[in-house]
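Worksheet: one structure, shown below.
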Amino acid sequence: MKKQFNRMKQLANQTVGRAEKTEVLSEDLLQIERRLDTVRSMCHHSHKRLIACFQGQHGTDAERRHKKLPLTALAQNMQEASAQLEESLLGKMLETCGDAENQLALELSQHEVFVEKEIMDPLYGIAEVEIPNIQKQRKQLARLVLDWDSVRARWNQAHKSSGTNFQGLPSKIDTLKEEMDEAGNKVEQCKDQLAADMYNFMAKEGEYGKFFVTLLEAQADYHRKALAVLEKALPEMRAHQDKWAEKPAFGTPLEEHLKRSGREIALPIEACVMLLLETGMKEEGLFRIGAGASKLKKLKAALDCSTSHLDEFYSDPHAVAGALKSYLRELPEPLMTFSLYEEWTQVASVQDQDKKLQYLWTTCQKLPPQNFVNFRYLIKFLAKLAQTSDVNKMTPSNIAIVLGPNLLWAKQEGTLAEIAAATSVHVVAVIEPIIQHADWFFPGEVEFNVSEAFVPLATPNSNHSSHTGNDSDSGTLERKRPASMAVMEGDLVKKESFGVKLMDFQAHRRGGTLNRKHIAPAFQPPLPPTDGNALAPAGPEPPSQSSRADSSSGGGPVFSSTGILEQGLSPGDSSPPKPKDSVSAAVPAAGRNSNQMTTVPNQAQTGGNSHQLSVSTPHSAAGPSPHTLRRAVKKPAPAPPKPGNLPPGHPGGQSSPGTGTSPKPSARSPSPPQQQQQQQQQQQQQQQQQTPGMRRCSSSLPPIQAPSHPPPQPPTQPRLGEQGPEPGPTPPQTPTPPSTPPLAKQNPSQSETTQLHGTLPRPRPVPKPRNRPSVPPPPHPPGTHTVDGGLTSSVPTASRIVTDTNSRVSESLRSIFPEIHSDLASKEVPGHILLDIDNDTESTAL
C-alpha cells in the first residue's frame, strides 16, 4: 500500500507539480509503440470483414459448411426441377447447371476453410495476443518508472536534510539508496524486455504481410478451380442449346435460321405460304388489309416456337399475310440484301423494258444462295397470287406496293418513314416486273410444300360440304364470310370425287313467280324443227376425263335417290358460267304434253361410233312435273328490242372464263374482233327479219327498266395469236427478255362460248360479270327424237314457253352462215340445259 501511495504521489507531482518525469524509451521504441495501435486496429477489422465475406457458417468443418452454403441450396433446387422437366431443353440445362453449382459450392467451402485457417486465425492472434502483450509490458514499465522516480525523489529529500540533522539519517539514506537502485534495475529489465518485443514485432511485419498474399493466392486457386468447373459445364450446355432447333425465327438472320433448322426455305415463309394457298388466294385485299394485333402477335409467337398447331389461323388469312410481312421486315438484312441495294435502285431507273429485265435477271443471279432460293420461292407464290387478281384485286402492281418495302430497304440511318419514302418507288419498279415475268426469271415449277410438313385441310370446300343450305358444319375461312359464287366455282372444280353435281338446294329457290321471271329469259323465240344432221356434231371431239367417267358408268343420265334426273357433265360445261340468253339445241321442245323423255349424253370418241342412250319413263309413273303446275302463271315474253351493245356473256361478245384450279383472267376469242362484230350484226339483222312477233309480258308487276350505262367489260388480256415467239436459250449473263407473257395460260378449248341453234337472244345490260359456280341446272325432261332425228315432243318448263317448232328459221340461217353453224355444231354439248341461274343476273322487262 505504501508503494502504491508513493506512485500516486509521484504521478501527481509529475502531472500538477514540477517534478521531473523520467523517459526510459528511445525514439525508435516510441515510434514502434505508436504503430502498434494502428496494426492492431487493422488486423481486427480485417478479421471482422473476412468473416462477413464467408457464405458458410464460421467455425465449422468443410462438410457441414458445404451443406449450409446458398449455392448448395440453389444446386439442389435446379436438380429437382430438372427431374420434373425430364427430356426438355430446359430440363437438360437445369441438370447441367445444377451439377456445376454443386461443384462450385464444394470448392467454395474448401476455400473458406483454408482462408479461415491460414489467414484469419493468424490475424486474430496478432490483434488479440501479440500486440496486447507488448502493450501490457509498456504499462508495466510505466509503473516501474514511477516507483523509481518516487524512491529517487525521497532519497534526494533525505540527502538535502542530512546537513542539519545528522542523527539517524545515514541509515535512512542508505535504505533509500538501496531501494532506488533496486527500482532502477527493474526499470532496466522491463525496458529491455519491452524493446526486444517491439523489435521482434517489427521484424515479423513482413511475415504478417504474407497473410494477405496467401489470401489472394487462395482466392486465385479457388477461382481457378471454379473456372475449371464452369469450362467443363459450358460446352455441355452449349451442345444442348445447339441441338435444340426450336429458336425464334423473327429477327434472326436468314442464314443462321436456315443453318440451325436445317431448312431450305425459312419456316415463317413456308408456313405462311402454305396457309395462304389453302384459304387466302381468293381473299380480297390480301397483304393490304391489316390483321388484328392480338391475332398477329399470337401467330408470330406460334411460328417462333415452331409449333405445328396452326389450324386455327386458316380462318384469318390477313393475319397470316401480316405475319409474312412482319418476318420479312424484321430480318436484320433484307431478303434482297444491303450489298445489292445500289444495283436494284439503278435498275429501277432504266426506262427500256428489255434492258431493265436483263439487268434484273443479272442482279437476281448475284443474290446469295439462301436469299436466292427464298426469293424465288416467294416470287413464285406472289405470281400465283396475281393469277387470281380478278377476285382478290391483288395485281402485280398492288403486290409490289404493299410487299416491296419489306423486301428491300436502305441501310443508312433515319426514321422508318424517311427510309420507306426513299425506297418504295424503286422497290415497286423492281418487284412488279419480276412478279409479272416470274416464270422467265425463275423457270420451272416450285413445290411449295418443301419440307412436306404441311398437310392440306381434310375438307377444303367448307362452304359446300352440304348443299342443303346448312352451314353450321362449315369450317376454315369461308364459314366466316358469305359463300361468294366466285369462291364456289374454284372449290367445286376441286371436288373431283363426286360423279355428279347435286342440285337439291336450287329447288327451294325457284318457287315464286317473280323469281322465275327474273331468272328465266324474257322471251324464247320459236325453235325450228331440226333433223338428225342438225343434232350431230361436225366432228368428233376427244373424250375428256369427265365424259370417260360418264361412259364408264353407263353414259346416260343418273337418277339420285330423290328421283331427280342428274346428268354427268364434261369439263367443258361444268366450270365456266353459261351465257344467260343461250338456249340448248340438244333439247328442243316439240310438244307440251309428252309422256316420254329422251336424253342424249355427251358423245365420246370410241372407235368412231357415237353412243346414244334413251331412258323412257311413263308420265304416270314419274308423277306430274312440278313445272307443269306453274304453266298457267307464265306470261308471254315481250318482243326483243333492237340489238345494241351485246352483253359480255353473249356468244359474240366476251367469252366466259376458262376452267382451272384457280380463276384466271378471261381470254378473248381467237378470231379478230372486227370479224366477230360483222357476224353479230348479220345474225341480229337476220333474226329481226325472220323472227315472228313475240308476245309481251302482261304481268301486273311494273317493268324493270334497263340501265342507261353500257355493261362493264372484264379486263383484256393479249390473245393467243398475238404472243411473240418464245425467247431462245441464251447465255445466263445476257438473257433475252420475254415478250410480256400473260399472267395465265390460254386454253383453246375454252376460248369461245358455245353458240347455239335458233335465234340470237335479246341483249340486255348486265352487271359486272362475276365467276359463278359451274353446277348443273335442275332436271328438265328433254324432248323425244323421232327416227329421222326430229323432235316429237317436249315437257314444258316454267322458265321457257315454246310456241313454234318451225325449222325454216334455222335452215335459212344455216344457208346464210354455213361456217358459223358448222363451227357451233362441233362445239355444242348435247344433253345439257342452260339456265339463268348459271349467271344469276337480273332479267329486264321493257
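Just so it is clear, glycine is given a Cβ too, placed from its N, Cα and C backbone atoms.
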Exercise. Can you tell which of Thr691, Thr734 Swiss-Prot marks as phosphothreonine?
Worked result: Thr734
Problem set entry | Residue carrying phosphothreonine as stated in Swiss-Prot, selected out of Thr252, Thr730 | Thr730
Exercise. If Swiss-Prot marks one of Ser698, Ser793, Ser826 as phosphoserine, which residue does it mark?
Worked result: Ser698
Seminar exercise, completed: Checking Ser162, Ser739, Ser807 against Swiss-Prot, the one recorded as phosphoserine is Ser739
Seminar exercise, completed: Record (Swiss-Prot) lists phosphoserine for one of Ser575, Ser656, namely Ser575
Exercise. Swiss-Prot annotation phosphoserine: which of Ser594, Ser616, Ser700 has it?
Worked result: Ser700
For this session: From the list Thr617, Thr740, pick out the residue that Swiss-Prot labels phosphothreonine.
Result: Thr740
Exercise. Within the chain of Arg288 (site 'Arginine finger'), which residues six or more apart in sequence place their C-beta under 8 angstroms from its C-beta?
Worked result: Met394, Asn398, Val402
